[in-house]
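Asker: Per TrEMBL, the feature domain 'Tetrahydrofolate dehydrogenase/cyclohydrolase catalytic' maps to 25-138. As annotated by TrEMBL, domain 'Tetrahydrofolate dehydrogenase/cyclohydrolase NAD(P)-binding' applies to 157-300. Feature annotation from TrEMBL assigns NADP(+) binding site to G183, R184, G185, V253.
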Amino acid sequence: MSSSAVSSGVVSSGVVSSGTARLLPGGPVAQQVLGEVAAEVAALRAAGVTPSLATVLVGDDDASAGYIRIKQRQAAELGFASPHVHLAASASQADLHRVIEGFNSDAGVHGVLVQHPIPGHLDYDRALQVLDPDKDVDGMHPVNMGRLALGLPGPLPCTPAGIEALLAFHGVPVAGREVVVLGRGATLGRPLAMLLAQKRPTANAAVTVVHTGVADWPRYTRRAEILVAAVGVPGIVRPEHVRAGAVVVGGGVRYEGRRLLPDVDESCARVAGAITPRVGGVGPTTVAMLFRNAVAAARRAAGLG
Ligand SMILES: NC(=O)c1ccc[n+]([C@@H]2O[C@H](COP(=O)([O-])OP(=O)(O)OC[C@H]3O[C@@H](n4cnc5c(N)ncnc54)[C@H](OP(=O)(O)O)[C@@H]3O)[C@@H](O)[C@H]2O)c1
């Protein structure tokens, strides 16, 4: 377990905080998880199995191509094979489905990642439903959402799983405490609420979800011992929405170009007891969970998971 504290000014991550909240960076969490993944990959390779994470990119969006390159580099560093298909921006839904079905039927491929977003004429959710749920490293396939709802084993959605791991790593108790999640989106708020309500030592919380249907949502967030912002509206969470000493996790972000605009206003650090940094909080844990899902898929396919 580790954590950084800020009094005022700049901390090692380059994050500026004006308050006294303890910082909860995601980098060390990701490092620990990726270390475990690397060890599992090495063990699989020693047993004659090369874990393989396939990636699919559609179109020529610079940011998406950059994300794929980073993931492929990281996959190679961890010891994964990483076959890649790049479809032209003009690819049809059927083209995309054919690529996914090819990876589904390839026993040497254990995980598949279709980089999001895809060009506007394509339907990501339909493509996701074509993917073999056991190869779904994002944990977003409807079957995996169902497994999560029922508490069955399967790939967990990466950002919610990353937040659970982040809280556990930093020694933030969750069990029995009041967690309020602002936002009920399919990627973050809804699956996170399901995850943190599960009967496990790092979860087991009293979880409330608030959204646009709850006009007086600050009434709920102000009583939260752990508040997670999962909205995508920059600066929506302000100090007056935070209980003194609460743990505040910023999951929601919006990008304007390459500029990242988080849900949680930095001034919340004045009120919170602990808070994720503006940059390097939840993001790194999300990527680590992707690789954790990929190696788990390889272990399952090898009959070891
Ligand atoms: N850090 C990461 O690695 C990472 C990974 C994945 C996602 N994210 C971010 O997480 C955020 C959520 O993504 P998502 O796909 O789960 O959600 P989403 O589908 O974009 O939904 C956003 C949620 O926020 C609620 N909301 C919007 N405006 C609100 C307001 N003014 N007051 C109260 N609630 C409001 C919406 O309420 P209604 O349901 O009532 O419309 C909805 O439930 C996004 O910013 C996304 O970029 C971050």
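Note: Cβ is positioned from N, Cα and C throughout, glycine not excepted.
I'm curious about the neighbourhood of these features; can you describe it?
Answerer: Each residue in the domain 'Tetrahydrofolate dehydrogenase/cyclohydrolase NAD(P)-binding' (157-300) gets a DSSP state, and the totals come to 51 helix, 30 strand, 63 coil.
In the structure as shown, the Cβ atom of G183 (NADP(+) binding site) sits within 10 Å of 25 other Cβ atoms.
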Asker: Once near-sequence residues are set aside, which residues in the chain of R184 (NADP(+) binding site), 6 or more away, have Cβ atoms under 8 Å from its Cβ?
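Answerer: Same-chain residues close to R184 (NADP(+) binding site) (Cβ under 8 Å, separated by 6 or more) are R190, A193, V209, H211, A230.
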Asker: Would you mind splitting the domain 'Tetrahydrofolate dehydrogenase/cyclohydrolase catalytic' (25-138) into helix, strand and coil residue counts from DSSP?
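Answerer: DSSP classes over the domain 'Tetrahydrofolate dehydrogenase/cyclohydrolase catalytic' (25-138) add up to 59 helix, 17 strand, 38 coil.
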Asker: Around G185 (NADP(+) binding site), which residues of its chain at least 6 apart sit with Cβ under 8 Å of its Cβ?
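Answerer: A230, V231, G232 - these are the non-local Cβ neighbours of G185 (NADP(+) binding site), listed in sequence order.
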